[in-house]
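Taking it in order: structure first as structure tokens, then the write-up.
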Amino acid sequence: MSAMTAKAISGGEEGASGMRSKTLEKSSYSGEVKRGQAILVAYLIATIELTFLFMQMGVMPYLAKSLGLDSVGFGYLQTTFGVLQLVGGPVFGRFADQFGTRAALILSCASGSAFFLLTSISTSIPLLFLSRLPAVFMHGLPGAQKVITDMTTPSQRADALGKMGLCFGIGIIIGSALGGVLSTKFGIFIPMYVGLVGNLINTMIAMVWIPLQAKPKPDHHVTEHSTSQSGSVFSIREILRLMKFPGVMEVFIVKVFAGLPIGLFLIMFSIISMDFFGLEAVESGYLMSYFGVLQMVVQGLVVGKLTNHCTERTLLRLSIFVFAGVGLGMALMRTVWHYCIIAVPLVFAFSMLGTITDSILTKAVPSSDTGTMLGICASVQPLTRTVGPTIGGVLYKQFGVSSFGYLQLIVNIGLFVYLIKSKIPLREVK
């Protein structure tokens, strides 16, 4: 009787263990599905926001001109937008760390709605400048990157972040075409109404599909360095403390300076395409679409595969080396066909640099501070847009197009030597 009882108990324990194992497997599978859904929704939100952003960028010069704004005034308008994005990036990141990614994405999408609403009623130059104010919180891309950072393991992060290039490419292609078609057929304000509706839809998507995440709790061994749980959202001191983590300042400096010369060139590209290449507006549009396709192919297919086979240190050096080669090509180019060839390694280096530096920097800080770090990274492009028109204009007027290439070559050779000689610590804070 006792033997039978023991056997029954043993069988019961095995059955309970099996049930627990199946429950854990189901829970793990369910968690993977939910994470996958959240990442796909983040890609969707970023694609929609970028599409409407590029749509208004194409229409804005015509709207500004119709209101009597000259080229100098339009430059001030673009600078205002850049400064607001520059200031808002780190603040938005800290907001995401303190209140969760869903709240941050809702804020970004709602700000986009306000941006398009104010633009749609801009019947004077002061109103047009006022419509730029919501741009301070329009950061759907770093918001989507925050979702991906939270939902992926460190080994998966670079690949997942690299696929954001697909969203960027789709946004360039569809947004540029959509803005032109809508404004030509229905009027200059119709794209703004479409952008307003699209951002309202984006807000609803974020509210329904992005999971509500609790405020991240920093581990006890990094609590003294964590910034997200202390201080105001607008605290500059707390934001700058992230730069003290090992390797963060060095990688961020590389990120800023490596892409600065090409950023100056791209800011002046509309003028260069007319004066230097002799392109019409339609041909410039085709060239932008070509860039969009390249971006999708490179970040969607190439970057992800390389991150699975090479270390991040190697890929960072590779991107800087290719950038130097691109600089030499730009210094020697004479026709738009030369530029189309140079665009292939250019897009590769640009995409690889952005993806790898974002991945390295988010791994170098506590998980509770990744939003702030992504916000700081997102401020690099607005910084270029802020100082770019002045510096780029001087370079182009005084030294010509080749000056951008020589600057690109010299800066990136210096950075490559720096990366080879210095041992930047690349570590993860778990």
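Quick reminder: no glycine exception, Cβ is built from N, Cα and C everywhere.
Database features (TrEMBL):
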- 35-426: domain 'Major facilitator superfamily (MFS) profile' (DOMAIN)
- 1-21: region 'Disordered' (REGION)
- 40-63: transmembrane segment (TRANSMEM)
- 75-93: transmembrane segment (TRANSMEM)
- 105-129: transmembrane segment (TRANSMEM)
- 160-182: transmembrane segment (TRANSMEM)
- 189-210: transmembrane segment (TRANSMEM)
- 252-272: transmembrane segment (TRANSMEM)
- 284-302: transmembrane segment (TRANSMEM)
- 314-332: transmembrane segment (TRANSMEM)
- 339-357: transmembrane segment (TRANSMEM)
- 399-420: transmembrane segment (TRANSMEM)
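No contact links the transmembrane segment (105-129) to the transmembrane segment (160-182), because fewer than 3 Cβ pairs that are 6 or more residues apart lie under 8 A. Between the transmembrane segment (314-332) and the transmembrane segment (399-420), three or more CB pairs separated by 6 or more residues in sequence fall under 8 Å, so the two stretches touch. Contact check: the transmembrane segment (252-272) against the transmembrane segment (189-210) gives fewer than three Cβ pairs closer than 8 Å, residues 6 or more apart, which falls short of the contact criterion.
A Cβ distance under 8 Å defines the sequence-distant neighbours of the transmembrane segment (399-420), meaning residues of its chain 6+ beyond its ends; these are 254, 257-258, 260-262, 264-265, 268, 272, 276, 316-317, 320-321, 323-324, 326-333, 392. Panel annotation: around the transmembrane segment (160-182), residues 39, 43, 46-47, 49-59, 141, 144-145, 148-149, 152, 190-191, 194, 285, 288-289, 291-300, 303-304, 307, 351, 355, 358-359 of the same chain, lying at least six beyond its termini, place a Cβ under 8 Å from a Cβ of the stretch. Listed by sequence, the residues of this chain that lie at least six past the ends of the transmembrane segment (189-210) yet keep a Cβ under 8 A from its Cβ atoms are 37-38, 41-42, 44-45, 48-49, 51-52, 55-56, 59, 63, 101-102, 105-106, 109-110, 112-113, 115-117, 119-120, 140, 147, 178-179, 182-183.
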